[in-house]
Amino acid sequence: MPRSFLVKSKKAHSYHQPRSPGPDYSLRLETVPVPGRADGGAVSAGESKMEPRERLSPESQLTEAPDRASASPNSCEGSVCDPSSEFEDYWRPPSPSVSPASEKSLCRSLDEAQPYTLPFKPYAWSGLAGSDLRHLVQSYRQCSALERSAGLSLFCERGAESGRPAARYGSEQAAGGAGAGQPGSCGAASGATSAGGLGLYGDFAPAAAGLFERPSTAAGRLYQDRGHELHADKSVGVKVESELLCTRLLLGGGSYKCIKCSKVFSTPHGLEVHVRRSHSGTRPFACEMCGKTFGHAVSLEQHKAVHSQERSFDCKICGKSFKRSSTLSTHLLIHSDTRPYPCQYCGKRFHQKSDMKKHTFIHTGEKPHKCQVCGKAFSQSSNLITHSRKHTGFKPFGCDLCGKGFQRKVDLRRHRETQHGLK
């Protein structure tokens, strides 16, 4: 094997040796022919005064390229190689054959130079009329609005197909005339909402009204109230008719109105309890002591305190004691002589609203409470309860001195006064 292959070359490569532009470097640049020129000559004297860094800068390349292309007879207009087309002769970094010193000098010139912009052609907006520009802006805004409401529209469309609440509410709203939307259309997307955010719930109000409507066959309907199952049955004489049970949901203000007596409630539960207690005749909670019935379990618990002997509520004016706080509050109206409830027929005033309603039955002759045994009717429920004790023989009031029982409390008081001399 020759020794020339074993000995490393002592001659350094040309690209490892630093090159400094000598006095003849600019002369060689002047004599370099430019391929884009028509005469194929060298660089002119005016261009020779420009430094090499400036001739290689991006600004010089971007500005001089169209000039040289326009002066060239060999230029191919309309083709890809056309310098005046979109594919202009942009500046590119030097090749790796340049020395490291020249690369450093070029990079320094690029860092010092200002950032350049690509020569994009400006869009001719002046070619469009004012109406065309407005049409473009409006179409863009409509597309943005459709993108924002895409999820809501998708929910409404799926609700119309699968029977979701949105489609069901929309169809009932369209059928009831509350809104102009079709079944499955979303009222929130159309922006038809009332002040205060009530429109969002007002759209669904007709559907909620069906919760309180009872058909004529509501005799076997099962009611739920605080864990108690209330079964309405015609066999026990419960009055359940649609004209008494039908209620209406008002759209304004979120109030619930009974169409039988026009009483307004703030919650649907309050309206349901009112209909069951006042109009349906369903009073399933009965007292074991006196047989009095109540429409609510809480009312029965409060009533049981009447049969006990404990009187924990005392009047500070006269010293009279009561078993219930509500009875004491009613008693205090006697001392203040406050009678806020007048009769609409004779003008007589009462302390309690219930006393005023009982009094009005005298003028109207109405007797809504009827005995199930003999058919006798009474204007007050208390009179019906006292009358029913004649059929059952129940005597809840007993004398503590002789043990004699009575059906009415007034009879016990009279017995104590006449027989025992007590007041």
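Any Cβ shown, glycine's included, is placed from N, Cα and C.
Now, the feature entries from Swiss-Prot:
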type	residues	note
MOD_RES	Ser20	phosphoserine
MOD_RES	Ser57	phosphoserine
REGION	1-102	region 'Disordered'
REGION	1-20	region 'SNAG domain'
REGION	141-258	region 'Required for interaction with RELA'
ZN_FING	256-279	zinc finger
ZN_FING	285-307	zinc finger
ZN_FING	313-335	zinc finger
ZN_FING	341-363	zinc finger
ZN_FING	369-391	zinc finger
ZN_FING	397-420	zinc finger
Can you break down the zinc finger (313-335) into helix, strand and coil residue counts using DSSP?
11 helix, 4 strand, 8 coil
Restricting to the same chain and to residues at least six past its boundaries, which positions have a Cβ under 8 Å from a Cβ of the zinc finger (397-420)?
386, 389-390
Can you name the far-off residues of the same chain, 6+ from the ends of the zinc finger (285-307), with a Cβ under 8 Å from a Cβ of it?
225-226, 228, 273, 276-278, 323-324, 385, 388-389, 392, 394, 396
For the zinc finger (313-335), give me same-chain residues lying six or more residues beyond its boundaries with a C-beta closer than 8 angstroms to one of its C-beta atoms, as numbers and ranges.
302, 305-306, 351-352
Helix, strand, coil residue numbers for the zinc finger (256-279) per DSSP?
12 helix, 4 strand, 8 coil
